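Encoded as structure tokens, here's the structure I'll be asking about.
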């Protein structure tokens with residue numbers, strides 16, 4: 001099923017020491033607060049979800065939360081987990097399986113792509129993904145060792161007015177989101193700003209309130 005992309009995209013990553021019930025409760029709260037696109041990202045080598053079967057089991061539980069709210073659900077990197085869990089799509093990084101190969105393996109999956117430079121953004125648009133991500137806007141511990149692409153990269157992509165939806169990602173939170181929107185982003189993706197907040201539902205609602213409305217998110221500014 002193809003679900004409409006939203007404006008506030010949560011990349012949900014369980015901590016190594018986090019009980020699954022707590023993780024699921026925080027994801028559910030974030031969805032209730034307004035997260036309208038969701039990705040599950042389990043890091044390679046995770047002691048809990050490094051193997052396919054536990055990753056698939058968690059993806060099915062997270063996907064059920066998204067499906068109940070008609071929110072599009074993506075799995076990071078793993079085409080096999082996305083297929084086995086019934087996800088809407090898979091998100092692929094620059095070092096992951098090429099989008100063309102993913103389409104051959106799973107023609108029905110939507111595809112999201114990470115980009116970190118104008119050249120990568122141009123290539124991403126040529127591959128016709130469901131969406132692509134632009135960042136990291138700011139340095140973030142989620143991607144250690146990766147230099148920030150900065151607001152200049154957001155402005156560059158916004159000026160292109162891509163036909164493909166795109167999300168600004170990397171260090172986006174309540175202290176930075178206004179600058180990211182001013183640079184031209186109408187959609188943002190977050191990790192810690194929502195999932196690590198004391199109240200994920202409130203954090204999501206507060207971020208969503210700072211984004212352009214759904215109609216503006218469909219047009220260039």
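Backbone N, Cα and C atoms are what each Cβ position is placed from, and that goes for glycine too.
Residues or ranges marked as 4-amino-2-methyl-5-(diphosphooxymethyl)pyrimidine binding site in Swiss-Prot: 39, 40, 41, 42, 43, 76, 114, 143. The feature Mg(2+) binding site is assigned by Swiss-Prot to 77, 96, with sequence analysis given as support.
Have a look at these and tell me how they're positioned relative to everything else.
Residue 42 (4-amino-2-methyl-5-(diphosphooxymethyl)pyrimidine binding site) carries neither a helix nor a strand DSSP state and counts as coil. Counting every protein chain shown, the Cβ of residue 42 (4-amino-2-methyl-5-(diphosphooxymethyl)pyrimidine binding site) has 22 other Cβ atoms within 10 Å.
DSSP assigns residue 77 (Mg(2+) binding site) to coil in the three-state reduction, placing it in neither a helix nor a strand. Under a cutoff of 8 A between CB atoms, and with a sequence separation of 6+ in the same chain, the neighbours of residue 77 (Mg(2+) binding site) are 41, 44, 90, 91, 92, 93, 96, 97.
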Count the other Cβ atoms sitting within 10 Å of the Cβ of residue 114 (4-amino-2-methyl-5-(diphosphooxymethyl)pyrimidine binding site), across every protein chain shown.
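22, counting other Cβ atoms within 10 Å of residue 114 (4-amino-2-methyl-5-(diphosphooxymethyl)pyrimidine binding site).
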